[in-house]
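Right, one structure below, let's go through it.
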(Lines of atoms letter the chains of each structure in order from A and count residues from 1; the text may use other names and numbers.)
(Lines give C-alpha, C1' and ligand atoms only; values in the text may rest on other atoms or scores of the structure.)
Protein backbone atom coordinates (compact mmCIF):
# COMPACT_ATOMS: atom_id res chain seq x y z
CA UNK A 1 0.00 0.00 0.00
CA UNK A 2 2.85 2.33 0.81
CA UNK A 3 4.45 1.62 -2.55
CA UNK A 4 1.21 2.31 -4.42
CA UNK A 5 0.74 5.62 -2.63
CA UNK A 6 4.32 6.73 -3.40
CA UNK A 7 3.94 5.81 -7.06
CA UNK A 8 1.31 8.52 -7.69
CA UNK A 9 3.55 11.58 -7.13
CA UNK A 10 6.40 9.74 -8.82
CA UNK A 11 4.21 9.08 -11.84
CA UNK A 12 3.23 12.74 -12.02
CA UNK A 13 6.86 13.85 -11.79
CA UNK A 14 7.97 11.50 -14.55
CA UNK A 15 5.01 12.54 -16.70
CA UNK A 16 5.96 16.19 -16.22
CA UNK A 17 9.55 15.51 -17.27
CA UNK A 18 8.49 13.68 -20.42
CA UNK A 19 5.99 16.41 -21.31
CA UNK A 20 8.83 18.95 -21.17
CA UNK A 21 10.76 16.92 -23.73
CA UNK A 22 7.73 16.46 -25.97
CA UNK A 23 6.88 20.18 -25.91
CA UNK A 24 10.32 21.16 -27.18
CA UNK A 25 10.07 18.49 -29.88
CA UNK A 26 6.63 19.81 -30.83
CA UNK A 27 8.15 23.28 -31.15
CA UNK A 28 10.63 21.85 -33.65
CA UNK A 29 7.79 20.28 -35.64
CA UNK A 30 5.91 23.59 -35.76
CA UNK A 31 9.04 25.47 -36.81
CA UNK A 32 9.52 22.97 -39.62
CA UNK A 33 5.90 23.48 -40.68
CA UNK A 34 6.47 27.24 -40.78
CA UNK A 35 9.54 26.80 -42.95
CA UNK A 36 11.96 28.06 -40.30
CA UNK A 37 13.67 24.69 -39.82
CA UNK A 38 13.65 23.08 -43.25
CA UNK A 39 15.65 19.98 -44.19
CA UNK A 40 18.78 21.97 -45.01
CA UNK A 41 18.57 23.89 -41.74
CA UNK A 42 18.06 20.64 -39.84
CA UNK A 43 21.29 19.26 -41.27
CA UNK A 44 23.19 22.45 -40.44
CA UNK A 45 21.81 22.54 -36.89
CA UNK A 46 22.65 18.89 -36.43
CA UNK A 47 26.22 19.45 -37.67
CA UNK A 48 26.60 22.47 -35.38
CA UNK A 49 25.24 20.50 -32.45
CA UNK A 50 27.44 17.47 -33.06
CA UNK A 51 30.54 19.57 -33.71
CA UNK A 52 30.29 22.03 -30.79
CA UNK A 53 27.41 21.86 -28.33
CA UNK A 54 27.24 18.10 -27.68
CA UNK A 55 31.03 17.77 -27.14
CA UNK A 56 30.85 20.73 -24.76
CA UNK A 57 28.02 19.07 -22.84
CA UNK A 58 29.91 15.78 -22.55
CA UNK A 59 33.15 17.42 -21.45
CA UNK A 60 31.54 19.76 -18.92
CA UNK A 61 29.44 17.05 -17.27
CA UNK A 62 31.87 14.12 -17.42
CA UNK A 63 35.38 15.54 -16.97
CA UNK A 64 34.74 17.17 -13.59
CA UNK A 65 32.41 14.63 -11.98
CA UNK A 66 34.35 11.40 -12.53
CA UNK A 67 37.33 9.89 -10.79
CA UNK A 68 39.65 6.95 -11.53
CA UNK A 69 37.83 4.89 -8.91
CA UNK A 70 34.49 5.41 -10.64
CA UNK A 71 35.92 4.62 -14.07
CA UNK A 72 37.16 1.23 -12.85
CA UNK A 73 33.56 0.20 -12.19
CA UNK A 74 32.36 0.76 -15.77
CA UNK A 75 33.36 -2.72 -17.03
CA UNK A 76 29.80 -3.89 -16.33
CA UNK A 77 28.41 -1.65 -19.11
CA UNK A 78 30.00 -3.55 -22.05
CA UNK A 79 28.69 -6.77 -20.52
CA UNK A 80 25.14 -5.43 -20.38
CA UNK A 81 25.51 -3.95 -23.86
CA UNK A 82 26.31 -7.39 -25.27
CA UNK A 83 23.35 -8.92 -23.41
CA UNK A 84 20.93 -6.21 -24.60
CA UNK A 85 22.13 -6.49 -28.19
CA UNK A 86 21.91 -10.28 -28.36
CA UNK A 87 18.47 -10.44 -26.74
CA UNK A 88 17.11 -7.68 -29.01
CA UNK A 89 18.48 -9.37 -32.12
CA UNK A 90 17.12 -12.81 -31.18
CA UNK A 91 13.67 -11.43 -30.35
CA UNK A 92 13.39 -9.63 -33.70
CA UNK A 93 14.76 -12.64 -35.61
CA UNK A 94 12.35 -15.03 -33.89
CA UNK A 95 9.30 -12.81 -34.48
CA UNK A 96 10.35 -12.21 -38.08
CA UNK A 97 10.73 -15.95 -38.63
CA UNK A 98 7.36 -16.74 -37.01
CA UNK A 99 5.52 -14.14 -39.09
CA UNK A 100 7.41 -15.10 -42.27
CA UNK A 101 9.05 -11.82 -43.11
CA UNK A 102 11.26 -11.60 -46.16
CA UNK A 103 15.01 -11.52 -45.59
CA UNK A 104 15.16 -7.79 -46.27
CA UNK A 105 12.37 -7.04 -43.82
CA UNK A 106 13.65 -9.45 -41.15
CA UNK A 107 17.11 -7.90 -41.28
CA UNK A 108 15.63 -4.42 -41.02
CA UNK A 109 13.58 -5.48 -37.97
CA UNK A 110 16.71 -6.96 -36.40
CA UNK A 111 18.67 -3.75 -37.01
CA UNK A 112 15.87 -1.59 -35.59
CA UNK A 113 15.69 -3.81 -32.51
CA UNK A 114 19.45 -4.08 -31.94
CA UNK A 115 20.36 -0.42 -32.36
CA UNK A 116 18.58 1.61 -29.72
CA UNK A 117 18.63 5.37 -29.16
CA UNK A 118 21.18 5.68 -26.37
CA UNK A 119 22.08 9.29 -27.03
CA UNK A 120 19.62 12.10 -27.74
CA UNK A 121 16.34 11.07 -26.10
CA UNK A 122 17.74 9.27 -23.00
CA UNK A 123 20.12 12.17 -22.30
CA UNK A 124 17.28 14.68 -22.58
CA UNK A 125 15.10 12.59 -20.27
CA UNK A 126 17.88 12.13 -17.72
CA UNK A 127 18.61 15.86 -17.73
CA UNK A 128 15.00 16.49 -16.79
CA UNK A 129 14.70 13.59 -14.35
CA UNK A 130 17.78 14.45 -12.26
CA UNK A 131 16.24 17.84 -11.52
CA UNK A 132 12.67 16.75 -10.76
CA UNK A 133 13.04 13.28 -9.19
CA UNK A 134 14.66 13.17 -5.74
CA UNK A 135 14.78 9.37 -5.79
CA UNK A 136 17.75 9.44 -8.17
CA UNK A 137 20.15 10.73 -5.51
CA UNK A 138 22.76 8.24 -4.37
CA UNK A 139 23.50 10.22 -1.21
CA UNK A 140 21.83 13.13 0.53
CA UNK A 141 24.45 15.59 -0.75
CA UNK A 142 24.24 14.36 -4.35
CA UNK A 143 23.79 17.24 -6.82
CA UNK A 144 21.98 17.38 -10.15
CA UNK A 145 25.24 18.10 -12.00
CA UNK A 146 26.88 15.07 -10.44
CA UNK A 147 23.91 12.86 -11.31
CA UNK A 148 23.81 14.13 -14.88
CA UNK A 149 27.56 13.61 -15.20
CA UNK A 150 27.19 9.97 -14.17
CA UNK A 151 24.24 9.49 -16.52
CA UNK A 152 26.20 10.97 -19.43
CA UNK A 153 29.11 8.67 -18.69
CA UNK A 154 26.89 5.58 -18.79
CA UNK A 155 25.00 6.68 -21.89
CA UNK A 156 28.09 7.83 -23.80
CA UNK A 157 29.71 4.43 -23.24
CA UNK A 158 26.56 2.70 -24.49
CA UNK A 159 26.45 5.08 -27.46
CA UNK A 160 30.11 4.47 -28.34
CA UNK A 161 29.71 0.70 -28.27
CA UNK A 162 26.52 1.02 -30.30
CA UNK A 163 28.21 3.21 -32.90
CA UNK A 164 30.98 0.67 -33.38
CA UNK A 165 28.45 -2.13 -33.86
CA UNK A 166 26.16 -0.10 -36.14
CA UNK A 167 28.80 0.89 -38.64
CA UNK A 168 30.41 -2.55 -38.72
CA UNK A 169 27.95 -5.42 -38.36
CA UNK A 170 24.86 -3.24 -38.79
CA UNK A 171 25.89 -1.95 -42.21
CA UNK A 172 26.72 -5.48 -43.36
CA UNK A 173 23.37 -6.72 -42.06
CA UNK A 174 21.42 -4.11 -44.02
CA UNK A 175 23.62 -4.57 -47.09
CA UNK A 176 22.84 -8.29 -47.08
CA UNK A 177 19.18 -7.34 -46.96
CA UNK A 178 19.48 -5.61 -50.34
CA UNK A 179 21.24 -8.28 -52.38
CA UNK A 180 20.64 -6.58 -55.74
CA UNK A 181 22.65 -3.52 -54.80
CA UNK A 182 25.59 -5.27 -53.13
CA UNK A 183 28.74 -5.05 -55.21
CA UNK A 184 31.43 -7.65 -54.75
CA UNK A 185 34.16 -5.26 -55.83
CA UNK A 186 33.33 -2.89 -53.00
CA UNK A 187 34.37 -5.48 -50.46
CA UNK A 188 38.04 -5.31 -51.49
CA UNK A 189 38.34 -1.59 -52.17
CA UNK A 190 40.16 -0.67 -48.92
CA UNK A 191 43.08 -2.88 -49.92
CA UNK A 192 43.40 -1.95 -53.58
CA UNK A 193 46.02 0.71 -52.85
CA UNK A 194 48.22 -1.73 -51.02
CA UNK A 195 48.06 -4.11 -53.97
CA UNK A 196 49.07 -1.35 -56.39
CA UNK A 197 52.07 -0.47 -54.27
CA UNK A 198 53.25 -4.06 -54.30
CA UNK A 199 52.93 -4.25 -58.08
CA UNK A 200 55.13 -1.20 -58.51
CA UNK A 201 57.97 -2.55 -56.39
CA UNK A 202 59.47 -5.07 -58.89
CA UNK A 203 59.95 -2.23 -61.41
CA UNK A 204 62.69 -0.69 -59.30
CA UNK A 205 64.28 -4.08 -58.83
CA UNK A 206 64.11 -4.56 -62.59
CA UNK A 207 66.00 -1.32 -63.20
CA UNK A 208 68.60 -2.33 -60.65
CA UNK A 209 69.03 -5.72 -62.26
CA UNK A 210 69.31 -4.18 -65.75
CA UNK A 211 72.02 -1.77 -64.62
CA UNK A 212 73.82 -4.57 -62.85
CA UNK A 213 73.77 -6.69 -66.01
CA UNK A 214 75.40 -3.83 -67.95
CA UNK A 215 78.06 -3.55 -65.27
CA UNK A 216 78.65 -7.27 -65.39
CA UNK A 217 79.01 -7.23 -69.18
CA UNK A 218 81.45 -4.31 -69.23
CA UNK A 219 83.58 -5.58 -66.42
CA UNK A 220 83.72 -9.00 -68.03
CA UNK A 221 85.12 -7.54 -71.29
CA UNK A 222 87.65 -5.47 -69.46
CA UNK A 223 88.76 -8.38 -67.37
CA UNK A 224 89.52 -10.58 -70.45
CA UNK A 225 91.80 -7.97 -72.01
CA UNK A 226 93.68 -7.38 -68.80
CA UNK A 227 94.03 -10.94 -67.60
CA UNK A 228 97.52 -11.54 -68.98
CA UNK A 229 98.90 -8.23 -67.75
CA UNK A 230 97.65 -8.68 -64.17
CA UNK A 231 97.93 -12.41 -63.83
CA UNK A 232 100.61 -12.10 -61.16
CA UNK A 233 98.46 -9.78 -58.98
CA UNK A 234 95.41 -10.66 -56.89
CA UNK A 235 92.32 -9.05 -58.44
CA UNK A 236 88.73 -9.28 -57.08
CA UNK A 237 86.42 -11.07 -59.46
CA UNK A 238 84.28 -8.41 -61.26
CA UNK A 239 81.34 -10.81 -61.43
CA UNK A 240 81.40 -11.24 -57.65
CA UNK A 241 81.72 -7.48 -57.13
CA UNK A 242 78.73 -6.69 -59.36
CA UNK A 243 76.65 -9.38 -57.63
CA UNK A 244 77.38 -7.84 -54.23
CA UNK A 245 76.46 -4.40 -55.56
CA UNK A 246 73.22 -5.76 -57.03
CA UNK A 247 72.35 -7.44 -53.72
CA UNK A 248 72.96 -4.24 -51.77
CA UNK A 249 70.80 -2.22 -54.17
CA UNK A 250 68.01 -4.80 -53.97
CA UNK A 251 68.18 -4.81 -50.18
CA UNK A 252 68.07 -1.01 -50.17
CA UNK A 253 65.03 -0.90 -52.43
CA UNK A 254 63.26 -3.55 -50.38
CA UNK A 255 63.95 -1.63 -47.20
CA UNK A 256 62.64 1.60 -48.73
CA UNK A 257 59.60 -0.26 -50.04
CA UNK A 258 58.96 -1.68 -46.58
CA UNK A 259 59.18 1.79 -45.05
CA UNK A 260 56.84 3.13 -47.74
CA UNK A 261 54.29 0.35 -47.20
CA UNK A 262 54.48 0.71 -43.43
CA UNK A 263 53.92 4.46 -43.59
CA UNK A 264 50.99 3.97 -45.96
CA UNK A 265 49.47 1.40 -43.60
CA UNK A 266 49.94 3.65 -40.56
CA UNK A 267 48.42 6.63 -42.40
CA UNK A 268 45.50 4.54 -43.63
CA UNK A 269 44.88 3.19 -40.12
CA UNK A 270 45.03 6.68 -38.62
CA UNK A 271 42.65 8.05 -41.26
CA UNK A 272 40.20 5.25 -40.55
CA UNK A 273 40.41 5.90 -36.81
CA UNK A 274 40.06 9.65 -37.35
CA UNK A 275 37.01 9.15 -39.58
CA UNK A 276 35.40 6.99 -36.91
CA UNK A 277 36.16 9.40 -34.06
CA UNK A 278 33.47 12.08 -34.12
CA UNK A 279 33.66 15.29 -32.11
CA UNK A 280 31.56 13.85 -29.22
CA UNK A 281 33.86 10.82 -29.04
CA UNK A 282 36.93 13.06 -28.92
CA UNK A 283 35.26 15.07 -26.16
CA UNK A 284 34.44 11.87 -24.26
CA UNK A 285 38.04 10.70 -24.61
CA UNK A 286 39.38 14.07 -23.45
CA UNK A 287 37.01 14.12 -20.49
CA UNK A 288 38.12 10.63 -19.42
CA UNK A 289 41.78 11.70 -19.65
CA UNK A 290 41.06 14.78 -17.51
CA UNK A 291 39.10 12.69 -15.01
CA UNK A 292 41.98 10.22 -14.69
CA UNK A 293 44.56 12.96 -14.01
CA UNK A 294 43.40 14.51 -10.74
CA UNK A 295 45.84 17.49 -10.74
CA UNK A 296 44.80 18.41 -14.28
CA UNK A 297 41.13 18.10 -13.34
CA UNK A 298 41.66 20.38 -10.33
CA UNK A 299 43.67 22.92 -12.34
CA UNK A 300 41.06 23.27 -15.08
CA UNK A 301 38.11 23.37 -12.71
CA UNK A 302 39.56 25.79 -10.14
CA UNK A 303 42.06 27.97 -12.01
CA UNK A 304 40.33 28.30 -15.40
CA UNK A 305 36.77 29.43 -14.62
CA UNK A 306 36.34 31.31 -17.94
CA UNK A 307 37.10 28.12 -19.86
CA UNK A 308 34.81 25.92 -17.79
CA UNK A 309 32.07 28.56 -17.90
CA UNK A 310 32.25 28.86 -21.68
CA UNK A 311 32.16 25.09 -22.11
CA UNK A 312 29.21 24.77 -19.74
CA UNK A 313 27.28 27.54 -21.54
CA UNK A 314 27.84 25.86 -24.90
CA UNK A 315 26.79 22.52 -23.44
CA UNK A 316 23.48 23.95 -22.23
CA UNK A 317 22.47 24.48 -25.88
CA UNK A 318 22.88 20.82 -26.84
CA UNK A 319 19.68 19.23 -25.52
CA UNK A 320 17.22 21.92 -26.76
CA UNK A 321 18.73 21.86 -30.26
CA UNK A 322 18.65 18.06 -30.28
CA UNK A 323 14.95 18.02 -29.42
CA UNK A 324 14.08 20.77 -31.90
CA UNK A 325 15.79 18.88 -34.73
CA UNK A 326 14.15 15.65 -33.58
CA UNK A 327 10.70 17.24 -33.75
CA UNK A 328 11.42 18.86 -37.11
CA UNK A 329 12.50 15.49 -38.51
CA UNK A 330 8.93 14.21 -38.38
CA UNK A 331 7.53 17.02 -40.49
CA UNK A 332 6.96 15.51 -43.95
CA UNK A 333 8.63 16.78 -47.07
CA UNK A 334 6.63 18.94 -49.47
CA UNK A 335 6.06 16.00 -51.81
CA UNK A 336 4.78 13.67 -49.07
CA UNK A 337 2.56 16.39 -47.64
CA UNK A 338 1.06 17.14 -51.06
CA UNK A 339 0.40 13.43 -51.61
CA UNK A 340 -1.33 13.21 -48.25
CA UNK A 341 -3.40 16.34 -48.85
CA UNK A 342 -4.42 15.19 -52.33
CA UNK A 343 -5.53 11.86 -50.88
CA UNK A 344 -7.57 13.70 -48.25
CA UNK A 345 -9.11 15.92 -50.95
CA UNK A 346 -10.09 12.86 -52.95
CA UNK A 347 -12.02 11.64 -49.93
CA UNK A 348 -13.76 14.99 -49.45
CA UNK A 349 -11.52 16.53 -46.76
CA UNK A 350 -10.37 20.11 -46.80
CA UNK A 351 -6.77 20.34 -47.97
CA UNK A 352 -6.04 24.05 -47.89
CA UNK A 353 -2.40 24.95 -48.23
CA UNK A 354 -2.61 27.26 -45.27
CA UNK A 355 -3.02 24.41 -42.84
CA UNK A 356 0.32 23.76 -41.21
CA UNK A 357 1.72 22.93 -37.83
CA UNK A 358 -0.67 20.75 -35.87
CA UNK A 359 -2.90 20.14 -38.91
CA UNK A 360 0.11 18.80 -40.80
CA UNK A 361 0.89 16.50 -37.92
CA UNK A 362 -2.67 15.16 -38.01
CA UNK A 363 -2.38 14.56 -41.75
CA UNK A 364 0.82 12.60 -41.30
CA UNK A 365 -0.61 10.64 -38.39
CA UNK A 366 -3.78 9.83 -40.32
CA UNK A 367 -1.76 8.63 -43.31
CA UNK A 368 0.55 6.40 -41.24
CA UNK A 369 -2.31 4.89 -39.25
CA UNK A 370 -4.29 4.26 -42.43
CA UNK A 371 -1.32 2.52 -44.05
CA UNK A 372 -0.83 0.39 -40.98
CA UNK A 373 -4.38 -0.92 -40.75
CA UNK A 374 -5.36 -0.94 -44.42
CA UNK A 375 -5.91 -4.20 -46.25
CA UNK A 376 -3.09 -6.22 -47.71
CA UNK A 377 -1.18 -4.32 -50.38
CA UNK A 378 -1.14 -5.57 -53.95
CA UNK A 379 2.34 -4.11 -54.51
CA UNK A 380 4.96 -6.84 -53.93
CA UNK A 381 7.53 -4.22 -52.91
CA UNK A 382 5.41 -3.04 -49.96
CA UNK A 383 3.94 -6.38 -48.95
CA UNK A 384 4.77 -7.24 -45.34
CA UNK A 385 5.89 -3.72 -44.39
CA UNK A 386 3.21 -3.34 -41.72
CA UNK A 387 4.28 -6.57 -40.04
CA UNK A 388 7.89 -5.42 -40.26
CA UNK A 389 7.13 -2.11 -38.53
CA UNK A 390 5.09 -3.81 -35.81
CA UNK A 391 7.78 -6.42 -35.16
CA UNK A 392 10.54 -3.80 -35.10
CA UNK A 393 8.70 -1.59 -32.61
CA UNK A 394 7.40 -4.38 -30.38
CA UNK A 395 10.68 -6.28 -30.21
CA UNK A 396 12.65 -3.11 -29.40
CA UNK A 397 10.27 -1.39 -26.98
CA UNK A 398 8.03 -4.10 -25.49
CA UNK A 399 9.42 -7.64 -25.63
CA UNK A 400 13.09 -6.85 -24.96
CA UNK A 401 12.31 -4.74 -21.85
CA UNK A 402 9.95 -7.46 -20.61
CA UNK A 403 12.84 -9.95 -20.79
CA UNK A 404 15.66 -7.77 -19.45
CA UNK A 405 14.01 -5.70 -16.71
CA UNK A 406 13.73 -8.75 -14.42
CA UNK A 407 17.48 -9.23 -14.94
CA UNK A 408 18.06 -5.63 -13.81
CA UNK A 409 15.87 -6.23 -10.75
CA UNK A 410 17.75 -9.41 -9.82
CA UNK A 411 21.09 -7.66 -10.29
CA UNK A 412 19.97 -4.89 -7.95
CA UNK A 413 18.51 -7.31 -5.41
CA UNK A 414 21.66 -9.43 -5.17
CA UNK A 415 23.97 -6.38 -5.52
CA UNK A 416 26.18 -8.02 -8.15
CA UNK A 417 28.04 -4.76 -8.84
CA UNK A 418 28.53 -1.47 -6.95
CA UNK A 419 26.97 0.55 -9.79
CA UNK A 420 23.59 -1.00 -9.04
CA UNK A 421 23.56 1.05 -5.86
CA UNK A 422 23.30 4.15 -8.08
CA UNK A 423 19.66 4.89 -9.07
CA UNK A 424 20.97 6.93 -12.02
CA UNK A 425 22.69 3.83 -13.40
CA UNK A 426 19.53 1.73 -13.09
CA UNK A 427 17.25 4.31 -14.72
CA UNK A 428 19.80 4.93 -17.49
CA UNK A 429 19.91 1.20 -18.22
CA UNK A 430 16.12 1.03 -18.25
CA UNK A 431 15.95 3.93 -20.72
CA UNK A 432 18.50 2.23 -22.98
CA UNK A 433 16.70 -1.12 -22.82
CA UNK A 434 13.28 0.40 -23.61
CA UNK A 435 14.44 3.16 -25.95
CA UNK A 436 13.15 3.63 -29.50
CA UNK A 437 15.29 2.64 -32.51
CA UNK A 438 18.33 4.84 -33.12
CA UNK A 439 17.87 7.77 -35.49
CA UNK A 440 21.19 6.88 -37.14
CA UNK A 441 19.34 3.90 -38.61
CA UNK A 442 18.17 6.29 -41.35
CA UNK A 443 21.78 7.18 -42.19
CA UNK A 444 22.79 3.52 -42.23
CA UNK A 445 20.03 2.47 -44.60
CA UNK A 446 20.72 5.47 -46.84
CA UNK A 447 24.40 4.55 -47.01
CA UNK A 448 23.95 0.91 -47.97
CA UNK A 449 20.71 0.82 -49.97
CA UNK A 450 19.63 4.35 -50.88
CA UNK A 451 15.87 4.82 -50.51
CA UNK A 452 15.01 1.11 -50.35
CA UNK A 453 14.04 1.35 -46.66
CA UNK A 454 12.61 4.89 -46.74
CA UNK A 455 8.99 3.83 -46.08
CA UNK A 456 9.99 1.41 -43.33
CA UNK A 457 12.17 4.03 -41.66
CA UNK A 458 9.51 6.75 -41.67
CA UNK A 459 6.75 4.46 -40.39
CA UNK A 460 8.97 2.85 -37.76
CA UNK A 461 10.13 6.21 -36.42
CA UNK A 462 6.61 7.62 -36.35
CA UNK A 463 5.15 4.72 -34.39
CA UNK A 464 8.11 4.33 -32.04
CA UNK A 465 8.67 8.01 -31.19
CA UNK A 466 5.24 9.60 -31.58
CA UNK A 467 2.93 6.80 -30.42
CA UNK A 468 4.79 4.25 -28.29
CA UNK A 469 7.53 6.31 -26.59
CA UNK A 470 5.37 8.63 -24.40
CA UNK A 471 3.37 5.96 -22.52
CA UNK A 472 6.10 3.31 -22.37
CA UNK A 473 8.71 5.78 -21.14
CA UNK A 474 6.49 6.81 -18.24
CA UNK A 475 5.86 3.18 -17.30
CA UNK A 476 9.47 2.02 -17.62
CA UNK A 477 10.98 5.01 -15.80
CA UNK A 478 8.62 4.38 -12.89
CA UNK A 479 9.59 0.69 -12.96
CA UNK A 480 13.26 1.69 -12.98
CA UNK A 481 12.78 3.95 -9.96
CA UNK A 482 10.95 1.17 -8.14
CA UNK A 483 13.80 -1.25 -8.93
CA UNK A 484 16.33 1.27 -7.58
CA UNK A 485 14.53 1.17 -4.22
CA UNK A 486 14.66 -2.62 -3.85
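Placed from the backbone N, Cα and C atoms, the Cβ positions cover glycine too.
Worth saying up front: this structure is predicted, and the values here are computed from it rather than measured.
Per TrEMBL, the features are as follows:
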type: COMPBIAS; residues: 209-234; note: compositional bias 'Polar residues'
type: COMPBIAS; residues: 237-247; note: compositional bias 'Basic and acidic residues'
type: REGION; residues: 202-248; note: region 'Disordered'
type: TRANSMEM; residues: 6-33; note: transmembrane segment
type: TRANSMEM; residues: 45-67; note: transmembrane segment
type: TRANSMEM; residues: 73-96; note: transmembrane segment
type: TRANSMEM; residues: 108-131; note: transmembrane segment
type: TRANSMEM; residues: 151-169; note: transmembrane segment
type: TRANSMEM; residues: 273-296; note: transmembrane segment
type: TRANSMEM; residues: 308-331; note: transmembrane segment
type: TRANSMEM; residues: 389-411; note: transmembrane segment
type: TRANSMEM; residues: 423-442; note: transmembrane segment
type: TRANSMEM; residues: 462-483; note: transmembrane segment
Leading stretch by Cβ pairs under 8 Å, where the reference is the transmembrane segment (423-442) and the options are 6-33, 273-296, 462-483: 462-483
Chain residues outside the transmembrane segment (389-411) and at least six past its termini with a C-beta under 8 angstroms from it: 83-84, 87-88, 91-92, 95-96, 99, 101, 108-109, 112-113, 116, 372, 417, 420, 426, 429-430, 433-437, 456, 459-460, 463-464, 468-469, 472, 476, 479-480, 483, 486
Annotated stretches the transmembrane segment (45-67) and the transmembrane segment (108-131) touching (3 or more Cβ pairs under 8 Å): no
Range from 6-33, 73-96, 308-331 with the greatest count of C-beta pairs under 8 A to the transmembrane segment (108-131): 73-96
Residue numbers, six or more beyond the limits of the transmembrane segment (73-96), whose CB comes under 8 Å of its CB atoms: 105-106, 109-110, 112-114, 116, 153-154, 157-158, 161-162, 165, 388, 391-392, 394-396, 399-400, 403-404, 407, 417-419, 429, 432-433
